[in-house]
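Worksheet: the structure to be examined is printed underneath.
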Amino acid sequence: MNITIVGTGYVGLVTGTTLAELGNSVYCVDVDASKIAKMKNGIVPIYEPGLEEMFLRNIQADRLHFTTELSEAIDKSEVIYLALPTPPGEDGSADLSYVLGVAEQIGSLMTNYKVIVNKSTVPVGTADKVREVLLSKTNSPFDVVSNPEFLREGFAVEDAMNPARVVVGSTSERAKEIMSKIYQPFTNTGIPIIFMDEKSSELTKYAANSFLAVKITFMNEIANYCEKVGADVDHVRLGMGSDDRIGHRFLFPGIGYGGSCFPKDVKALIKSGKNENYDFKILEATEKVNQKQKVILAEEIDDYFDGQLQDLKIAVWGLAFKASTDDIREASSLDNIRIFLERGAKVIAYDTVAEENVRKILGDQIEYAKDMYTALEGADCLLIATEWPEFKNPNFKLMAEKLKNKVIFDGRNMFPLELAEQNGFYYKSIGRKTITP
Ligand code: UDX
């Protein structure tokens, strides 16, 4: 099948490459000519493990094409996926101007039946809005389908090729048949495709992400309480997670959730609720708790040094919002660094892949180390903000040599407590006993 993807951001690119891998001829459209030129030359514009290989393989097989010409791509395909940004507006609601703008262009250009598939995370009722825009521009037949994606950054290829489920929101039999055909390689291997109406499908995405944000936040509160009563969150987590109604995943406490999805989607669902006079109290609390959790260790560090952070040097391991990505959107590292800088401390940071992105925001307000140990030279303490595997089993002897004080604040519970104890470190993590030498 010929498929067009409008928007070659993270979702569009991964979706396009996956659909090509499933045997379709995919036309990726973007207004950014330099990006399109790069991709034509085989350059993947984002960091995502496993993507480059699949991307190059499909270009070589002549199944993945790139263009800035929307009209050309529309002519070629019956199915058009929209993978456009929906950034939060000032009030938290999703900005639909890109989605509706492109819908308008498609309406003006299309001359025969098309299925317009919404891949972007959009508020309930967006399929209806896209439909209205198209109706105002064309007399050709069409269907609008909601087909949310559930990709995790860092695991996008794995998630895209082996999804837990495919959700398709459509009340049109013709469109449902086409979508079934596209996802047949999945259904053949037992991956369920769940059909529902457009609105339920749109809400499924928000509900899933918000639930996970609540789950993490609940665990963060349990962790904070563990510290108060002398319990160990690792035990509690295992005990709880073994009940398969709860499950072990997304129960890891830390310094809050970040990234491009959870914060945005929680905000947007709260706002959508308000539009209907409904208060999502649990989500409002989640947002508040998360905001505080993100900087819980910056405040602990401030306490540790008796509120005297000025002229201290603080090393930060990890800048990305989580491991396996260079994405720093809503990263806890940045909130902590801002507090350190405001209070007069110097910061020296190291990240496996995200340094370049942080440079764009913080420039030379902080120092960047070439490796994890160099970051520690002469530092008064270390904050671990991202769970990169390279931090998991460090050389504690070398750390002790480089750091001015043997003090670690760990926002991702990277080490067993005994390891810190044996190596004579002050070690403060989340929801566990503080080790004092
Ligand atoms: C998320 C959803 O998982 C995905 O289905 C959706 O399509 C997009 O949003 P992503 O933002 O890539 O994916 O990251 P994810 O792995 O879900 O982690 C989100 C945040 O939660 C990170 O900041 C991570 O550190 C944090 N997290 C996750 C925890 O603090 N504890 C956990 O147990 C799991």
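The chain as shown is numbered from 1 upward.
Cβ coordinates come from backbone N, Cα and C, glycine included.
Listed features, source TrEMBL:
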- C261: active site, nucleophile (ACT_SITE)
- D30, K35, T86, T121, E153, K264, R329: NAD(+) binding site (BINDING)
- F150, L151, R152, E153, K205, F250, L251, F252, P253, G254, G258, K322: substrate binding site (BINDING)
- 315-417: domain 'UDP-glucose/GDP-mannose dehydrogenase C-terminal' (DOMAIN)
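Structure with TrEMBL features highlighted.
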residue: K35; record: NAD(+) binding site; DSSP class: helix
residue: T121; record: NAD(+) binding site; DSSP class: coil
residue: F150; record: substrate binding site; DSSP class: coil
residue: K205; record: substrate binding site; DSSP class: helix
residue: L251; record: substrate binding site; DSSP class: coil
residue: G258; record: substrate binding site; DSSP class: coil
residue: R329; record: NAD(+) binding site; DSSP class: coil
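Within the set of recorded positions F150, R152, K205, P253, C261, the entry lying nearest in space to T86 (NAD(+) binding site) is C261 (CA atoms). Per DSSP, the domain 'UDP-glucose/GDP-mannose dehydrogenase C-terminal' (315-417) is made up of 36 helix, 18 strand, 49 coil. Less than 6 Å separates the Cβ from ligand 1 in the case of F150, R152, drawn from the binding-site residues F150, R152, K205 in sequence order. Long-range Cβ neighbours of R329 (NAD(+) binding site) (same chain, at least 6 residues apart, Cβ-Cβ under 8 Å): G258, G259, S260, F321. A C-beta separation below 8 Å, combined with a sequence spacing of at least six in one chain, links C261 (active site, nucleophile) to T121, N209. Each of the binding-site residues K35, K205, K264 was ranked by the number of other C-beta atoms within 10 Å, and first place falls to K205.
Following the DSSP three-state reduction, the secondary structure of K264 (NAD(+) binding site) is helix. Pairwise Cα distances among F150, L151, R152, E153, K205, F250, L251, F252, P253, G254, G258, K322, the recorded substrate-binding residues, top out at 24 Å. Remark: D30 (NAD(+) binding site) has V6, G7, T8, G12, I36, F66, T68 as non-local neighbours, by Cβ distance under 8 Å and separation of at least 6 in sequence.
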